[in-house]
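See structure below.
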Amino acid sequence: MNKIIQKQYFSPKVVEFVVEAPLIARSRRAGHFVIVKVGEKGERIPLTIAQSDVEKGTITIVVQSVGLSSEKLCNLEEGDYITDLVGPLGKATHIEKYGTVVCAGGGVGIAPMLPIIEAMKKAGNRVISVLAARNKDLVILEEQVAKYSDEVIVMTDDGSHGQKGLVTNGVESVINREQVDLCVTIGPAIMMKFVSLLTQKYNIPTMASLNTIMVDGTGMCGACRVSVDGKTKFVCVDGPEFDAHKVDFDEMLMRLKAYN
Amino acid sequence: MTRQEYMKERRSEPWRDELRRSVKAKERGERPRVHMNELDPEFRSHELKAEVNQGLTKEQAIAEAGRCLDCGNPTCVTGCPVEINIPTFIKNIERGDFIEAARTLKETSALPAVCGRVCPQEKQCEAQCIYIQKMGKEPVAIGYLERFAADYERLNGIIAEPEKPVSNGIKVAVVGSGPAGLSFAGDMAKRGYDITVFEALHEIGGVLKYGIPEFRLPNDVVDVEIETLRKTGVKFVKNCIIGKTISHEDLRAEGFKGIFVASGAGLPNFMNIPGENLIGVMSANEFLTRVNLMDASSPDSDTPVQKGKSVAIIGAGNTAMDAVRTARRLGAERAMVVYRRSDEEMPARAEEVKHAKEEGVEFLTLHNPIQYEGDDKGHVQRMLLQKMELGEADASGRRKPVPIEGATEWIDVDEVIVSVGVSPNPLIPSTFTGLDVTKWGTVVINQDTMQTDLSDVYAGGDIVRGGATVILAMGDGRRAAEAMDKSLQAN
């Protein structure tokens, strides 16, 4: 059973849970995700694993309350159980020594980026993390990110923390001053689209971790399909990470609105 | 004693001999086949969860059982992939011993109430019945009778406690809880093995739960059969993906001596035509999973589903029939099956096609979609169909559909459900090192032993066959159980 061991608010709408899941903790790698379902009639939603502790047998997930299912999850307390939790799913991030890696994360996307930042650092890369959010309260995990980054650049829409501006401003400032070998981006689809357009201009290889609508998360239904290089791919089994320059972000943005 | 000898022995029991002689064969042969009571088409086409087939009454079942000639060499049995002792169970119905009939079914079938409902009997047992083979008459309604006996036992709450076999202490794992896995688990548990079934989803049953709708196979029918397996000692672990949550090596380390892979063919095929990623175009698996597994059309379910007014289902297999009839029940005013071949080639069960037609489903045969167009929000609005004709027969003897040049037609749709087949899930082949797969992604097995290239790993069902039927999957489960048992006992 998947008991909630610890609950912590990053902001009124962003919650971090440490959940008992020993088998997942043991087999997960950076980039993997889980599917959770709250309640017997609950919906299956995907969430990336932010951290895991093999010894304690726990995984950490970070949830932003944006709708019915994420709100139900955010309302759970320490000691409660998550009805269903399955994983680790998807392909793990391809980690190797690239050189200088810029990790561009937006909002709650910073959580799933954390394990990638850690793994990239441990693989010997120079890691520059660009964290972006609407305001100071929504910048999460800054300390943990700093632990595995050579430099952290914080961007806020209103300038309440770090520099004022968008994630792309932060990334471009790095590109303008030094050689960047790889960019990794996780966040809202619209943000990833603009990071991708920027790095394409500079010919910097870029990976995006896509967050589409999912049902089963095991390749059974195709709800999560995206066009990559003109071919249909399933995010849950072929991804969630893809070459950002080949992703049809406009189609993805359209499909995300299917149930709005 | 061989299976045949056992069947002969049962046939020669005195009551059976007497029953056979009580009515002349000629007289039996003149009796008409019963017809299943069904819900009214107009009523049922709005009822998602009401089972269409109402089952036989006792009187109907006894009358139909009386048609069976109790052949000395029962050819019907050869048409059944799990070789149910058909004459024995039917004669028990005729003499009114319905519980003994149910017991006979369970000798070889883990899920008789399911098979009686979903098997394509017209291609299996009933196709081999002497009535159709030699007498030019409608075959004995074996499927109806199987369902009757299994339902009688369940509905009267007298399900015989399964015999608790003596444990042999050998641990065996099953990957997937669909028909193949359940059938294998049932057979192995009877032999005394310590069986654990691992399921990736949050419900046990595979396609019986996420795929086949309640109006054809009620969930509680499936649950009762699963409960019977549990009572035999089978353990079930949900939300666990072998290859992801637990590896093959982990299973070995935990002492599992054999693994039966029955992970199915869940990967939906798309046609890769323009507009297929528009909103409102989805796989049958997605549509049926939302409605069946997630209960998306109920107000208390958190999962949404689109309810189209003009819905096209592409394909004409059983899955397509399930999807189109479900769409109709969710309120589609126009529900269409679009199929590139003709009526004759439709792979769906005859009864489902008949039911769909009665429920107002339109059949656009010899039509093939080539493009979808959406509105400014990306929602599918219309489809372009290419009209087809049948050309020369191909190597398999099926006539190939070819486009009629210039004959196309736009039809307005607000939902399209793609049901053009499934491929094996690549998860197991990609995480079990050393497993040989074909170019279609199916796992390669030794046909005699069901064994893969890995000596402890056996496989069966759709992961070996590609998308096939429930009963073939169950037959594979039985054969794999027999083979694995032989091999484990020899060691």
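Here the Cβ of each residue, glycine as well, is placed from N, Cα and C on the backbone.
Some features that TrEMBL has for this protein:
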type	residues	note
REGION	B:1-33	region 'Disordered'
DOMAIN	B:50-156	domain 'Dihydroprymidine dehydrogenase'
DOMAIN	B:171-477	domain 'FAD/NAD(P)-binding'
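Remote same-chain residues near the region 'Disordered' (B:1-33) are listed as 63-64, 66-70, 72, 74, 77, 83, 85, 87-88, 91, 94-95, 131, 135, 137-141 (criterion: CB distance under 8 Å, separation of at least six residues from the stretch ends). Per-class residue totals from DSSP over the region 'Disordered' (B:1-33), listed helix then strand then coil: 23 helix, 0 strand, 10 coil. Predicted-model confidence for the domain 'FAD/NAD(P)-binding' (B:171-477) is 94, expressed as mean pLDDT.
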